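Student: Checked TrEMBL, it gives:
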type	residues	note
TRANSMEM	112-135	transmembrane segment
TRANSMEM	155-177	transmembrane segment
TRANSMEM	198-220	transmembrane segment
TRANSMEM	226-247	transmembrane segment
TRANSMEM	343-364	transmembrane segment
TRANSMEM	384-404	transmembrane segment
TRANSMEM	425-444	transmembrane segment
TRANSMEM	464-483	transmembrane segment
TRANSMEM	504-527	transmembrane segment
TRANSMEM	547-570	transmembrane segment
Amino acid sequence: MGSVEEEQFLIEQGLTQEKLKLYAEDGSIDINGNPPLKQRTGNWKACPFILGNECCERLAYYGIAINLITYLSAELHQGNVSAARNVTTWQGTCYITSLIGAVLADAYWGRYWTIACFSSIYFIGMSALTLSATVPYLKPSDCIGDFCPSPTTPQYLTFFLGLYLIALGTGGIKPCVSSFGADQFDDKDPSERVRKSSFFNWFYFCINIGAFGSFLLVLVQENIGWGLGFGIPTVFMGLAIISFFFGTPLYRFQKPKGSPITRICQVLVASFRKTSLRVPEDATLLYETETQELIVASRKLEHTDDYKYLDKAAVLSLEEARSLEFSNPWSLCTVTQVEEVKILIRMLPIWASGIIFSSVYAQATTMFIQQGRAMNCNIGSFKLPPATLGVFDCITVLIWVPLYDRFNVPVAKLLTRNNDNGFTVLQRMGIGLFISVFGIAAAAVVETVRLGTAESGTDVSLTVFWQVPQIFIFGAAEVFYFVGQLEFFYGQSPDSMRSVCSALGLLANALGSYLSSLILTVVTYFTTKDGGDGWITDDLNEGHLDYFFWLLAGLSILNALVYVFSAVNYKQKTTS
(Lines of atoms letter the chains of each structure in order from A and count residues from 1; the text may use other names and numbers.)
(Lines give C-alpha, C1' and ligand atoms only; values in the text may rest on other atoms or scores of the structure.)
Protein backbone atom coordinates (compact mmCIF):
# COMPACT_ATOMS: atom_id res chain seq x y z
CA MET A 1 0.00 0.00 0.00
CA GLY A 2 2.86 2.27 0.87
CA SER A 3 4.42 1.76 -2.53
CA VAL A 4 1.15 2.78 -4.22
CA GLU A 5 1.01 5.98 -2.16
CA GLU A 6 4.66 6.67 -2.91
CA GLU A 7 4.03 6.15 -6.63
CA GLN A 8 1.02 8.48 -6.50
CA PHE A 9 3.12 11.08 -4.69
CA LEU A 10 5.87 10.85 -7.33
CA ILE A 11 3.31 11.20 -10.13
CA GLU A 12 1.86 14.32 -8.47
CA GLN A 13 5.37 15.72 -7.99
CA GLY A 14 6.15 15.05 -11.65
CA LEU A 15 2.97 16.80 -12.74
CA THR A 16 3.82 19.75 -10.50
CA GLN A 17 7.29 20.01 -12.04
CA GLU A 18 5.84 19.84 -15.55
CA LYS A 19 3.35 22.55 -14.65
CA LEU A 20 6.14 24.74 -13.27
CA LYS A 21 8.01 24.44 -16.57
CA LEU A 22 5.04 26.05 -18.29
CA TYR A 23 5.67 29.28 -16.35
CA ALA A 24 8.66 31.63 -16.17
CA GLU A 25 10.61 30.98 -12.98
CA ASP A 26 12.55 34.22 -12.65
CA GLY A 27 10.01 36.01 -10.47
CA SER A 28 8.37 37.92 -13.31
CA ILE A 29 4.60 38.44 -13.64
CA ASP A 30 2.22 39.04 -16.54
CA ILE A 31 -0.07 42.04 -17.06
CA ASN A 32 -2.60 40.54 -14.61
CA GLY A 33 -0.04 40.01 -11.85
CA ASN A 34 0.13 36.22 -12.33
CA PRO A 35 3.15 34.01 -13.12
CA PRO A 36 3.56 34.35 -16.91
CA LEU A 37 2.96 31.39 -19.21
CA LYS A 38 6.05 30.88 -21.37
CA GLN A 39 4.05 30.05 -24.48
CA ARG A 40 1.94 33.21 -24.29
CA THR A 41 4.30 35.86 -22.95
CA GLY A 42 7.83 37.14 -23.26
CA ASN A 43 10.60 35.63 -25.37
CA TRP A 44 10.73 36.69 -29.05
CA LYS A 45 6.93 37.07 -29.11
CA ALA A 46 7.16 40.27 -27.04
CA CYS A 47 10.46 41.57 -28.41
CA PRO A 48 9.23 42.91 -31.82
CA PHE A 49 7.23 45.61 -30.00
CA ILE A 50 10.22 46.57 -27.84
CA LEU A 51 12.58 46.51 -30.81
CA GLY A 52 10.08 48.52 -32.88
CA ASN A 53 9.90 51.08 -30.08
CA GLU A 54 13.69 51.32 -29.94
CA CYS A 55 14.01 51.61 -33.72
CA CYS A 56 11.52 54.51 -33.96
CA GLU A 57 12.86 56.24 -30.86
CA ARG A 58 16.42 56.06 -32.16
CA LEU A 59 15.32 57.51 -35.50
CA ALA A 60 13.74 60.38 -33.57
CA TYR A 61 16.84 60.90 -31.42
CA TYR A 62 19.41 60.70 -34.20
CA GLY A 63 17.17 62.79 -36.44
CA ILE A 64 17.94 65.59 -33.98
CA ALA A 65 21.42 64.66 -32.73
CA ILE A 66 23.25 63.74 -35.91
CA ASN A 67 22.99 67.18 -37.54
CA LEU A 68 22.53 69.30 -34.43
CA ILE A 69 25.97 70.88 -34.81
CA THR A 70 24.96 72.13 -38.27
CA TYR A 71 21.76 73.71 -36.86
CA LEU A 72 23.74 75.42 -34.12
CA SER A 73 26.32 76.71 -36.61
CA ALA A 74 24.05 77.65 -39.53
CA GLU A 75 20.82 78.70 -37.77
CA LEU A 76 21.91 79.85 -34.30
CA HIS A 77 25.18 81.25 -35.75
CA GLN A 78 27.56 79.65 -33.23
CA GLY A 79 31.28 79.06 -33.87
CA ASN A 80 32.87 75.61 -34.24
CA VAL A 81 34.11 75.26 -30.65
CA SER A 82 30.92 76.69 -29.10
CA ALA A 83 28.66 74.49 -31.26
CA ALA A 84 30.73 71.35 -30.59
CA ARG A 85 30.71 72.10 -26.86
CA ASN A 86 26.92 72.56 -26.86
CA VAL A 87 26.40 69.26 -28.72
CA THR A 88 28.64 67.19 -26.45
CA THR A 89 27.17 68.82 -23.30
CA TRP A 90 23.65 67.98 -24.49
CA GLN A 91 24.68 64.44 -25.42
CA GLY A 92 26.21 64.04 -21.98
CA THR A 93 22.98 65.22 -20.36
CA CYS A 94 21.02 62.68 -22.43
CA TYR A 95 23.08 59.96 -20.80
CA ILE A 96 23.43 61.33 -17.28
CA THR A 97 19.66 61.68 -16.87
CA SER A 98 19.50 57.91 -17.30
CA LEU A 99 20.30 57.66 -13.59
CA ILE A 100 16.92 59.26 -12.82
CA GLY A 101 15.04 56.72 -14.93
CA ALA A 102 17.10 53.83 -13.58
CA VAL A 103 16.44 54.61 -9.91
CA LEU A 104 12.72 55.18 -10.51
CA ALA A 105 12.47 51.90 -12.47
CA ASP A 106 14.32 49.71 -9.96
CA ALA A 107 12.87 51.29 -6.83
CA TYR A 108 9.34 52.52 -7.52
CA TRP A 109 7.68 52.38 -10.94
CA GLY A 110 9.14 49.35 -12.65
CA ARG A 111 10.65 49.50 -16.14
CA TYR A 112 7.33 49.48 -18.03
CA TRP A 113 5.81 52.57 -16.39
CA THR A 114 9.15 54.41 -16.37
CA ILE A 115 9.38 53.98 -20.15
CA ALA A 116 5.76 55.11 -20.55
CA CYS A 117 6.23 58.26 -18.42
CA PHE A 118 9.52 59.47 -19.87
CA SER A 119 8.39 58.71 -23.44
CA SER A 120 5.64 61.31 -22.91
CA ILE A 121 8.19 63.90 -21.73
CA TYR A 122 10.31 63.01 -24.76
CA PHE A 123 7.40 63.64 -27.14
CA ILE A 124 6.68 67.05 -25.56
CA GLY A 125 10.33 68.03 -26.02
CA MET A 126 10.29 66.95 -29.67
CA SER A 127 7.17 69.02 -30.26
CA ALA A 128 8.74 72.12 -28.66
CA LEU A 129 11.86 71.72 -30.81
CA THR A 130 9.74 71.46 -33.95
CA LEU A 131 7.86 74.65 -33.00
CA SER A 132 11.18 76.49 -32.49
CA ALA A 133 12.11 75.76 -36.10
CA THR A 134 8.62 76.38 -37.57
CA VAL A 135 6.83 79.29 -35.86
CA PRO A 136 8.22 82.59 -37.29
CA TYR A 137 8.40 84.29 -33.87
CA LEU A 138 10.42 81.38 -32.45
CA LYS A 139 12.55 80.73 -35.54
CA PRO A 140 16.06 82.34 -35.64
CA SER A 141 16.63 85.03 -38.28
CA ASP A 142 18.73 84.30 -41.36
CA CYS A 143 22.06 85.98 -42.00
CA ILE A 144 22.08 89.13 -44.14
CA GLY A 145 25.35 88.99 -46.04
CA ASP A 146 28.11 88.60 -43.44
CA PHE A 147 25.87 89.86 -40.62
CA CYS A 148 24.19 87.10 -38.59
CA PRO A 149 21.80 88.44 -35.91
CA SER A 150 21.85 86.67 -32.57
CA PRO A 151 18.71 84.68 -31.66
CA THR A 152 16.28 86.38 -29.29
CA THR A 153 15.73 85.17 -25.73
CA PRO A 154 12.37 83.44 -26.53
CA GLN A 155 14.02 81.70 -29.49
CA TYR A 156 16.89 80.44 -27.34
CA LEU A 157 14.54 79.40 -24.51
CA THR A 158 12.15 77.45 -26.73
CA PHE A 159 14.94 75.67 -28.57
CA PHE A 160 16.96 74.69 -25.49
CA LEU A 161 13.82 73.84 -23.45
CA GLY A 162 12.79 71.37 -26.15
CA LEU A 163 16.34 70.07 -26.47
CA TYR A 164 16.74 69.38 -22.75
CA LEU A 165 13.24 67.90 -22.36
CA ILE A 166 14.39 65.44 -25.04
CA ALA A 167 17.52 64.83 -22.94
CA LEU A 168 15.36 64.08 -19.88
CA GLY A 169 12.99 61.85 -21.85
CA THR A 170 15.58 59.83 -23.72
CA GLY A 171 17.73 59.56 -20.60
CA GLY A 172 14.77 58.27 -18.59
CA ILE A 173 14.02 55.43 -20.99
CA LYS A 174 17.58 54.51 -22.08
CA PRO A 175 18.49 52.24 -19.12
CA CYS A 176 15.05 50.62 -19.13
CA VAL A 177 14.36 49.54 -22.71
CA SER A 178 17.26 47.12 -23.15
CA SER A 179 16.73 45.75 -19.62
CA PHE A 180 12.98 45.43 -20.20
CA GLY A 181 13.70 43.50 -23.40
CA ALA A 182 16.12 41.20 -21.56
CA ASP A 183 13.46 40.68 -18.86
CA GLN A 184 11.39 38.84 -21.49
CA PHE A 185 13.83 35.91 -21.26
CA ASP A 186 13.83 33.57 -18.25
CA ASP A 187 17.30 33.41 -16.67
CA LYS A 188 16.52 29.95 -15.26
CA ASP A 189 15.71 28.49 -18.68
CA PRO A 190 18.99 27.62 -20.50
CA SER A 191 17.47 28.00 -23.97
CA GLU A 192 15.99 31.42 -23.15
CA ARG A 193 19.28 32.50 -21.59
CA VAL A 194 21.09 31.89 -24.90
CA ARG A 195 18.40 33.84 -26.77
CA LYS A 196 18.89 36.74 -24.38
CA SER A 197 22.51 37.13 -25.50
CA SER A 198 21.32 37.22 -29.12
CA PHE A 199 18.70 39.81 -28.14
CA PHE A 200 21.40 42.36 -27.26
CA ASN A 201 22.92 41.99 -30.74
CA TRP A 202 19.58 42.55 -32.47
CA PHE A 203 18.70 45.37 -30.08
CA TYR A 204 21.80 47.24 -31.24
CA PHE A 205 20.93 46.31 -34.81
CA CYS A 206 17.55 48.07 -34.41
CA ILE A 207 19.27 51.12 -32.92
CA ASN A 208 21.22 51.44 -36.14
CA ILE A 209 18.20 50.78 -38.35
CA GLY A 210 16.71 53.89 -36.73
CA ALA A 211 19.97 55.79 -37.08
CA PHE A 212 20.20 54.75 -40.74
CA GLY A 213 16.77 56.27 -41.43
CA SER A 214 17.79 59.49 -39.73
CA PHE A 215 20.38 60.23 -42.40
CA LEU A 216 17.59 60.83 -44.90
CA LEU A 217 16.37 63.47 -42.47
CA VAL A 218 19.67 65.32 -42.86
CA LEU A 219 18.82 65.80 -46.54
CA VAL A 220 15.37 67.10 -45.56
CA GLN A 221 16.82 69.48 -42.96
CA GLU A 222 19.42 71.03 -45.25
CA ASN A 223 17.48 71.02 -48.52
CA ILE A 224 13.80 71.48 -47.55
CA GLY A 225 13.73 72.99 -44.08
CA TRP A 226 14.44 72.44 -40.40
CA GLY A 227 10.75 72.57 -39.42
CA LEU A 228 9.94 69.47 -41.48
CA GLY A 229 13.34 67.99 -40.56
CA PHE A 230 12.41 68.16 -36.86
CA GLY A 231 8.71 67.37 -37.41
CA ILE A 232 9.31 63.94 -38.97
CA PRO A 233 11.33 62.67 -35.95
CA THR A 234 8.48 63.91 -33.72
CA VAL A 235 6.04 61.70 -35.63
CA PHE A 236 8.36 58.72 -35.25
CA MET A 237 8.57 59.31 -31.50
CA GLY A 238 4.77 59.05 -31.43
CA LEU A 239 5.02 55.75 -33.35
CA ALA A 240 7.59 54.50 -30.83
CA ILE A 241 5.11 55.07 -27.99
CA ILE A 242 2.32 53.31 -29.90
CA SER A 243 4.54 50.31 -30.67
CA PHE A 244 5.52 49.97 -27.03
CA PHE A 245 1.94 49.97 -25.72
CA PHE A 246 0.73 47.52 -28.39
CA GLY A 247 2.88 44.76 -26.88
CA THR A 248 1.55 45.18 -23.33
CA PRO A 249 -0.46 41.88 -23.15
CA LEU A 250 2.64 39.89 -24.16
CA TYR A 251 5.16 41.41 -21.76
CA ARG A 252 6.68 39.90 -18.65
CA PHE A 253 7.16 42.41 -15.85
CA GLN A 254 9.68 42.49 -13.02
CA LYS A 255 8.37 44.14 -9.86
CA PRO A 256 10.33 47.12 -8.49
CA LYS A 257 12.48 45.84 -5.64
CA GLY A 258 13.29 48.82 -3.48
CA SER A 259 15.81 51.60 -3.86
CA PRO A 260 19.25 50.28 -4.88
CA ILE A 261 20.79 53.46 -3.48
CA THR A 262 19.25 52.69 -0.07
CA ARG A 263 20.63 49.13 -0.18
CA ILE A 264 24.12 50.43 -0.98
CA CYS A 265 23.97 53.03 1.79
CA GLN A 266 22.80 50.41 4.30
CA VAL A 267 25.92 48.31 3.65
CA LEU A 268 28.23 51.33 3.96
CA VAL A 269 26.58 52.52 7.18
CA ALA A 270 26.41 49.05 8.76
CA SER A 271 30.08 48.31 7.99
CA PHE A 272 31.11 51.71 9.42
CA ARG A 273 29.06 51.11 12.60
CA LYS A 274 30.84 47.77 13.08
CA THR A 275 34.37 48.98 12.36
CA SER A 276 35.62 47.54 15.65
CA LEU A 277 34.25 44.04 14.97
CA ARG A 278 36.46 41.35 13.42
CA VAL A 279 35.32 39.48 10.33
CA PRO A 280 35.30 35.72 11.10
CA GLU A 281 37.54 33.44 9.02
CA ASP A 282 34.58 31.14 8.38
CA ALA A 283 32.33 32.99 5.93
CA THR A 284 29.35 30.79 6.87
CA LEU A 285 29.19 32.69 10.18
CA LEU A 286 28.24 35.87 8.33
CA TYR A 287 24.54 36.73 8.30
CA GLU A 288 22.39 35.44 5.46
CA THR A 289 18.68 34.63 5.31
CA GLU A 290 17.66 31.00 5.48
CA THR A 291 15.46 30.88 2.38
CA GLN A 292 15.57 32.44 -1.06
CA GLU A 293 12.09 33.87 -0.60
CA LEU A 294 13.24 36.16 2.18
CA ILE A 295 15.67 37.88 -0.15
CA VAL A 296 13.19 40.29 -1.64
CA ALA A 297 15.46 42.03 -4.06
CA SER A 298 17.68 39.36 -5.64
CA ARG A 299 18.95 35.82 -5.78
CA LYS A 300 21.54 34.81 -3.18
CA LEU A 301 25.10 35.71 -4.07
CA GLU A 302 28.09 33.66 -2.95
CA HIS A 303 30.55 35.26 -0.54
CA THR A 304 33.84 36.53 -1.97
CA ASP A 305 37.04 37.33 -0.07
CA ASP A 306 37.86 40.77 -1.48
CA TYR A 307 36.86 44.10 0.12
CA LYS A 308 36.68 42.40 3.53
CA TYR A 309 35.90 45.65 5.30
CA LEU A 310 32.41 45.58 3.80
CA ASP A 311 31.87 42.10 5.28
CA LYS A 312 31.63 43.79 8.67
CA ALA A 313 28.08 44.79 7.67
CA ALA A 314 27.13 41.07 7.78
CA VAL A 315 28.89 40.31 11.10
CA LEU A 316 26.54 39.52 13.98
CA SER A 317 27.28 41.57 17.09
CA LEU A 318 26.90 39.95 20.52
CA GLU A 319 23.74 41.98 21.12
CA GLU A 320 22.17 40.83 17.84
CA ALA A 321 23.15 37.21 18.48
CA ARG A 322 21.59 37.23 21.95
CA SER A 323 18.38 39.04 21.01
CA LEU A 324 17.98 37.31 17.62
CA GLU A 325 16.89 40.73 16.35
CA PHE A 326 17.91 41.00 12.71
CA SER A 327 15.36 43.50 11.43
CA ASN A 328 17.50 46.68 11.25
CA PRO A 329 19.20 46.74 7.81
CA TRP A 330 21.19 49.83 8.80
CA SER A 331 22.97 47.73 11.41
CA LEU A 332 23.00 44.24 9.86
CA CYS A 333 22.97 43.33 6.17
CA THR A 334 22.89 39.97 4.41
CA VAL A 335 25.91 38.53 2.60
CA THR A 336 23.95 38.99 -0.65
CA GLN A 337 23.48 42.68 0.04
CA VAL A 338 27.19 43.11 0.80
CA GLU A 339 28.13 41.22 -2.36
CA GLU A 340 25.92 43.56 -4.42
CA VAL A 341 28.09 46.50 -3.34
CA LYS A 342 31.26 44.51 -4.05
CA ILE A 343 29.99 43.81 -7.57
CA LEU A 344 29.51 47.52 -8.21
CA ILE A 345 33.05 48.27 -6.99
CA ARG A 346 34.50 45.54 -9.25
CA MET A 347 32.62 46.98 -12.21
CA LEU A 348 34.14 50.45 -11.83
CA PRO A 349 37.44 49.91 -13.75
CA ILE A 350 35.55 48.22 -16.61
CA TRP A 351 32.98 51.01 -16.51
CA ALA A 352 35.66 53.71 -16.62
CA SER A 353 36.99 52.39 -19.94
CA GLY A 354 33.76 53.58 -21.55
CA ILE A 355 34.49 57.22 -20.65
CA ILE A 356 37.50 57.58 -22.97
CA PHE A 357 35.85 55.41 -25.63
CA SER A 358 32.75 57.62 -25.60
CA SER A 359 34.76 60.84 -25.72
CA VAL A 360 36.48 59.56 -28.86
CA TYR A 361 33.21 58.27 -30.32
CA ALA A 362 31.62 61.71 -29.73
CA GLN A 363 33.81 63.07 -32.52
CA ALA A 364 31.62 61.24 -35.05
CA THR A 365 28.82 63.77 -34.46
CA THR A 366 31.04 66.81 -33.89
CA MET A 367 34.54 67.18 -35.34
CA PHE A 368 34.09 64.53 -38.05
CA ILE A 369 31.21 66.62 -39.43
CA GLN A 370 33.21 69.84 -39.19
CA GLN A 371 36.09 68.05 -40.90
CA GLY A 372 33.69 66.96 -43.66
CA ARG A 373 32.39 70.51 -44.10
CA ALA A 374 35.97 71.58 -44.92
CA MET A 375 36.20 68.96 -47.68
CA ASN A 376 34.70 68.67 -51.16
CA CYS A 377 31.08 67.53 -50.62
CA ASN A 378 29.94 67.81 -54.23
CA ILE A 379 28.68 64.86 -56.26
CA GLY A 380 28.19 66.47 -59.64
CA SER A 381 25.75 69.33 -59.04
CA PHE A 382 24.51 67.85 -55.73
CA LYS A 383 26.12 68.91 -52.45
CA LEU A 384 26.22 66.08 -49.92
CA PRO A 385 25.71 67.17 -46.28
CA PRO A 386 28.73 65.83 -44.32
CA ALA A 387 26.46 64.48 -41.55
CA THR A 388 25.02 61.95 -44.03
CA LEU A 389 28.39 60.17 -44.16
CA GLY A 390 27.51 58.68 -40.77
CA VAL A 391 25.28 56.36 -42.80
CA PHE A 392 28.42 54.31 -43.44
CA ASP A 393 28.71 53.80 -39.68
CA CYS A 394 25.16 52.43 -39.66
CA ILE A 395 25.82 50.25 -42.71
CA THR A 396 28.89 48.84 -40.95
CA VAL A 397 26.85 48.01 -37.85
CA LEU A 398 24.00 46.53 -39.92
CA ILE A 399 26.53 44.27 -41.64
CA TRP A 400 28.51 43.42 -38.51
CA VAL A 401 25.65 42.48 -36.17
CA PRO A 402 24.24 39.57 -38.22
CA LEU A 403 27.80 38.64 -39.23
CA TYR A 404 28.84 38.55 -35.58
CA ASP A 405 25.75 36.61 -34.51
CA ARG A 406 25.83 34.03 -37.32
CA PHE A 407 29.53 33.76 -38.20
CA ASN A 408 31.85 35.25 -35.56
CA VAL A 409 30.20 33.48 -32.62
CA PRO A 410 30.45 29.94 -34.11
CA VAL A 411 34.07 30.55 -35.23
CA ALA A 412 35.00 32.11 -31.88
CA LYS A 413 33.48 29.08 -30.09
CA LEU A 414 35.89 26.81 -31.95
CA LEU A 415 38.88 29.05 -31.27
CA THR A 416 38.18 29.92 -27.61
CA ARG A 417 36.25 26.78 -26.56
CA ASN A 418 33.67 29.08 -24.97
CA ASN A 419 30.43 27.21 -25.68
CA ASP A 420 28.09 30.10 -24.91
CA ASN A 421 29.00 33.04 -27.14
CA GLY A 422 32.54 32.47 -28.40
CA PHE A 423 34.22 35.58 -27.05
CA THR A 424 33.49 36.47 -23.44
CA VAL A 425 31.82 39.83 -22.94
CA LEU A 426 35.05 41.32 -21.58
CA GLN A 427 37.04 40.05 -24.58
CA ARG A 428 34.45 41.52 -26.92
CA MET A 429 34.67 44.95 -25.27
CA GLY A 430 38.49 44.88 -25.34
CA ILE A 431 38.52 44.15 -29.08
CA GLY A 432 36.23 47.15 -29.59
CA LEU A 433 38.61 49.44 -27.67
CA PHE A 434 41.60 48.44 -29.79
CA ILE A 435 39.64 48.84 -33.04
CA SER A 436 38.67 52.39 -32.01
CA VAL A 437 42.36 53.37 -31.85
CA PHE A 438 42.65 52.65 -35.58
CA GLY A 439 39.46 54.64 -36.25
CA ILE A 440 40.67 57.88 -34.67
CA ALA A 441 44.17 57.37 -36.14
CA ALA A 442 42.58 57.09 -39.60
CA ALA A 443 40.78 60.41 -38.97
CA ALA A 444 44.11 62.02 -38.05
CA VAL A 445 45.77 60.73 -41.23
CA VAL A 446 42.89 62.00 -43.38
CA GLU A 447 43.13 65.43 -41.76
CA THR A 448 46.89 65.56 -42.35
CA VAL A 449 46.34 64.77 -46.04
CA ARG A 450 43.48 67.30 -46.25
CA LEU A 451 45.64 70.06 -44.73
CA GLY A 452 48.46 69.22 -47.13
CA THR A 453 46.08 69.52 -50.07
CA ALA A 454 44.71 72.85 -48.76
CA GLU A 455 48.21 74.27 -48.17
CA SER A 456 49.36 73.30 -51.66
CA GLY A 457 47.17 76.05 -53.09
CA THR A 458 45.50 73.81 -55.68
CA ASP A 459 41.85 74.31 -56.54
CA VAL A 460 41.11 70.61 -55.98
CA SER A 461 40.13 69.89 -52.39
CA LEU A 462 39.98 66.45 -50.82
CA THR A 463 36.68 64.62 -51.35
CA VAL A 464 34.58 63.99 -48.29
CA PHE A 465 34.53 60.25 -49.10
CA TRP A 466 38.01 60.05 -47.62
CA GLN A 467 36.17 59.95 -44.29
CA VAL A 468 34.50 56.62 -45.11
CA PRO A 469 37.33 54.36 -43.76
CA GLN A 470 37.41 56.06 -40.33
CA ILE A 471 33.62 55.79 -40.09
CA PHE A 472 33.65 52.10 -41.09
CA ILE A 473 36.28 51.34 -38.46
CA PHE A 474 34.26 53.09 -35.75
CA GLY A 475 31.20 51.07 -36.79
CA ALA A 476 33.09 47.83 -36.14
CA ALA A 477 34.33 49.18 -32.78
CA GLU A 478 30.73 49.96 -31.81
CA VAL A 479 29.48 46.43 -32.46
CA PHE A 480 32.18 44.96 -30.28
CA TYR A 481 32.27 47.51 -27.46
CA PHE A 482 28.75 48.94 -27.05
CA VAL A 483 26.88 45.64 -27.50
CA GLY A 484 29.33 43.97 -25.12
CA GLN A 485 28.78 46.81 -22.66
CA LEU A 486 25.00 46.30 -22.75
CA GLU A 487 25.38 42.59 -22.05
CA PHE A 488 28.06 43.11 -19.38
CA PHE A 489 26.05 45.54 -17.26
CA TYR A 490 22.86 43.46 -17.48
CA GLY A 491 24.53 40.10 -16.90
CA GLN A 492 26.92 41.10 -14.12
CA SER A 493 24.55 43.38 -12.22
CA PRO A 494 22.72 42.29 -9.06
CA ASP A 495 19.07 41.42 -9.75
CA SER A 496 17.88 44.45 -7.77
CA MET A 497 20.07 46.91 -9.67
CA ARG A 498 19.77 46.01 -13.35
CA SER A 499 18.40 49.35 -14.53
CA VAL A 500 20.93 51.21 -12.37
CA CYS A 501 23.82 49.17 -13.77
CA SER A 502 22.57 49.73 -17.32
CA ALA A 503 22.53 53.42 -16.43
CA LEU A 504 26.17 53.12 -15.35
CA GLY A 505 27.08 52.25 -18.93
CA LEU A 506 25.13 55.28 -20.12
CA LEU A 507 26.75 57.42 -17.43
CA ALA A 508 30.14 56.49 -18.92
CA ASN A 509 28.83 57.80 -22.25
CA ALA A 510 27.71 60.99 -20.52
CA LEU A 511 31.07 61.54 -18.86
CA GLY A 512 32.71 60.78 -22.20
CA SER A 513 30.73 63.57 -23.84
CA TYR A 514 31.58 65.96 -21.01
CA LEU A 515 35.23 64.87 -21.24
CA SER A 516 35.17 65.65 -24.96
CA SER A 517 33.89 69.16 -24.14
CA LEU A 518 36.61 69.54 -21.49
CA ILE A 519 39.36 68.37 -23.85
CA LEU A 520 38.12 70.82 -26.51
CA THR A 521 38.17 73.65 -23.97
CA VAL A 522 41.62 72.77 -22.59
CA VAL A 523 43.15 72.26 -26.04
CA THR A 524 41.70 75.57 -27.26
CA TYR A 525 43.03 77.39 -24.19
CA PHE A 526 46.60 76.07 -24.39
CA THR A 527 46.92 76.33 -28.17
CA THR A 528 45.65 79.93 -28.33
CA LYS A 529 47.08 81.47 -25.13
CA ASP A 530 50.17 82.80 -26.95
CA GLY A 531 48.04 84.49 -29.57
CA GLY A 532 48.10 81.65 -32.07
CA ASP A 533 45.12 80.40 -34.04
CA GLY A 534 45.02 77.13 -32.09
CA TRP A 535 44.40 73.56 -33.23
CA ILE A 536 40.66 73.98 -33.76
CA THR A 537 39.63 77.12 -35.63
CA ASP A 538 36.47 78.22 -37.40
CA ASP A 539 38.45 77.83 -40.63
CA LEU A 540 40.00 74.39 -40.17
CA ASN A 541 42.59 75.15 -42.87
CA GLU A 542 44.22 77.53 -40.40
CA GLY A 543 44.31 75.02 -37.54
CA HIS A 544 45.58 71.53 -36.77
CA LEU A 545 42.62 69.23 -36.17
CA ASP A 546 44.97 66.33 -36.95
CA TYR A 547 46.93 67.04 -33.73
CA PHE A 548 43.67 66.88 -31.78
CA PHE A 549 42.84 63.49 -33.33
CA TRP A 550 46.34 62.15 -32.54
CA LEU A 551 45.89 63.29 -28.93
CA LEU A 552 42.67 61.25 -28.74
CA ALA A 553 44.44 58.26 -30.34
CA GLY A 554 47.08 58.38 -27.59
CA LEU A 555 44.41 58.51 -24.90
CA SER A 556 42.66 55.54 -26.57
CA ILE A 557 45.81 53.40 -26.49
CA LEU A 558 46.35 54.17 -22.81
CA ASN A 559 42.68 53.41 -22.11
CA ALA A 560 42.86 50.04 -23.89
CA LEU A 561 45.97 48.98 -21.92
CA VAL A 562 44.38 49.91 -18.58
CA TYR A 563 41.24 48.03 -19.63
CA VAL A 564 43.20 44.84 -20.38
CA PHE A 565 44.74 44.92 -16.90
CA SER A 566 41.31 45.46 -15.30
CA ALA A 567 39.57 42.76 -17.39
CA VAL A 568 42.22 40.13 -16.59
CA ASN A 569 41.72 40.75 -12.87
CA TYR A 570 37.91 41.02 -12.97
CA LYS A 571 36.01 38.56 -10.73
CA GLN A 572 32.71 37.33 -12.21
CA LYS A 573 29.40 37.37 -10.31
CA THR A 574 28.35 33.99 -8.87
CA THR A 575 24.91 33.10 -7.52
CA SER A 576 24.06 30.25 -5.17
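Placement of Cβ uses the backbone N, Cα and C atoms for every residue, glycine included.
Values in this document were obtained by computation on a predicted structure and should not be read as measured data.
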Student: Cβ pairs under 8 Å with the transmembrane segment (464-483): which stretch of 198-220, 226-247, 343-364, 384-404, 504-527 has the most?
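Tutor: Per the Cβ count, the answer is 384-404.
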Student: So, does the transmembrane segment (384-404) come close enough to the transmembrane segment (198-220) to give 3+ Cβ pairs below 8 Å, pairs being at least 6 apart in sequence?
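Tutor: The answer is yes, given that the two segments have at least 3 Cβ pairs within the 8 Å cut-off.
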Student: Do the transmembrane segment (547-570) and the transmembrane segment (384-404) come close, with at least three CB pairs under 8 A (pairs 6 or more apart in sequence)?
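Tutor: The transmembrane segment (384-404) and the transmembrane segment (547-570): touching, no.
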Student: For the transmembrane segment (425-444), give me same-chain residues lying six or more residues beyond its boundaries with a C-beta closer than 8 angstroms to one of its C-beta atoms, as numbers and ranges.
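Tutor: For the transmembrane segment (425-444), the far contacts come to 350, 353, 357, 360-361, 363, 368, 371, 416, 467, 469-470, 473-474, 476-485, 487-488, 491, 546, 549-550, 552-553, 556-557, 559-560, 563-564, 567, 570.
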Student: What parts of the chain pack near the transmembrane segment (226-247), using Cβ distances under 8 Å and only residues at least 6 beyond its ends?
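Tutor: Non-local partners: 46, 48-50, 52-57, 59-61, 63-64, 67, 71, 75, 115-116, 119-120, 122-123, 126-127, 129-130, 133-134, 139, 214, 217-218, 220.
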